[in-house]
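Structure in structure tokens, see below.
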């Protein structure tokens with residue numbers, strides 16, 4: 001009771017200070033130029049992919065429908081995290097109000113959860129295409145694709161509502177300095193002045209359900225795909241089947257290796273500098289590289305791009 005009264009009398013933190021990616025004056029300007037270029041490039045690449053998929057009927061297929069959703073998600077990713085990163089590099093320190101911090105955290109968790117489920121849906125699409133090709137038009141009809149996409153976005157929304165509510169209701173009495181370039185789970189838990197065991201448990205369970213659940217689903221799909229590919233009599237057929245999955249496997253490997261390391265452990269992360277570096281990979285680098293890995297090397301997308309440039 002006395003402890004509760006003591007905490008109630010403490011001044012609640014009204015804003016947080018983001019230390020940003022780097023506090024070194026000699027490299028901040030260069031980093032600002034680099035990350036601003038990456039941000040604009042990511043927006044252009046993913047906008048182009050969405051435009052090509054929407055404007056060319058030959059790309060109106062389940063695989064490209066999911067890629068369009070992924071491109072939309074990638075643009076949201078960088079638009080949620082990049083502004084505070086750029087402001088930190090421009091000003092040195094960035095003061096973010098409590099409400100704005102929780103809002104950023106909410107949308108970030110939505111996007112992480114959505115990407116997990118969306119990558120699993122894309123793996124299922126490849127499983128059906130390779131392992132059950134005769135049933136593909138039925139199993140991956142437009143209604144099913146729309147349902148999987150909606151499940152991805154709504155699943156991320158539900159998880160984020162639970163996790164953000166738990167974190168926002170903690171008490172933050174000071175200090176208020178976050179060693180990060182955006183409001184993430186671990187830095188906020190490290191600053192809480194109340195007992196965070198329940199919040200950590202909720203965070204860990206949600207990570208197990210979403211991250212590990214979707215990861216195991218994705219891996220099970222690719223184990224089945226691998227077996228089917230090995231049974232194909234033709235080397236050409238095996239190569240064609242593998243090439244349709246290789247890009248997805250690369251993105252899955254990068255995304256899950258980083259996110260599982262950061263989020264699927266039942267404790268707060270103390271090595272925040274490592275956390276920041278890893279966060280750059282899946283919030284900045286991956287959204288920029290995904291369009292190239294997935295689409296711009298794809299022959300159908302290349303043909304659609306060539307036609308678009310020719311018409312213009």
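Cβ from N, Cα, C; glycine included.
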Quick check on the annotations: TrEMBL lists transmembrane segment for one of 125-143, 144-162, 163-181. Which range is it?
144-162
So, does the transmembrane segment (30-54) come close enough to the transmembrane segment (277-296) to give 3+ Cβ pairs below 8 Å, pairs being at least 6 apart in sequence?
yes
Okay, the transmembrane segment (96-124) and the transmembrane segment (246-265): do they have at least three CB pairs under 8 Å, pairs separated by 6 or more?
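In this chain the transmembrane segment (246-265) contacts the transmembrane segment (96-124) - 3 or more Cβ pairs sit under 8 Å.
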Given a Cβ distance threshold of under 8 angstroms, which distant residues of the chain, six or more beyond its ends, lie next to the transmembrane segment (66-90)?
18-22, 28-29, 31-32, 35-36, 39, 42-43, 46-47, 49-50, 53-54, 96, 104, 107-108, 111, 114-115, 118, 121-122, 125, 145, 148-149, 152, 181-183, 279, 283-284, 286-288, 290-291, 294-295
Against which stretches of its own chain does the transmembrane segment (30-54) lie, if we need a Cβ under 8 Å and a gap of at least six residues from its ends?
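Contacts with the transmembrane segment (30-54): 21-22, 60, 64-65, 67-68, 71-72, 74-75, 78-79, 82, 85-86, 89-90, 284-285, 287-288, 290-292, 294-296, 301, 304-305, 308.
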Let me spell it out: take the transmembrane segment (96-124), skip the flanking residues so only those 6+ beyond its ends count, and list any with a Cβ under 8 Å from a Cβ in it.
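Residues packing against the transmembrane segment (96-124) from afar: 12-18, 63, 66-67, 69-70, 73, 76-77, 80-81, 84, 148-149, 151-153, 155-161, 163-164, 167-168, 172, 182-185, 188, 210-211, 214-215, 217-218, 221-222, 248, 251-252, 255, 259, 263.
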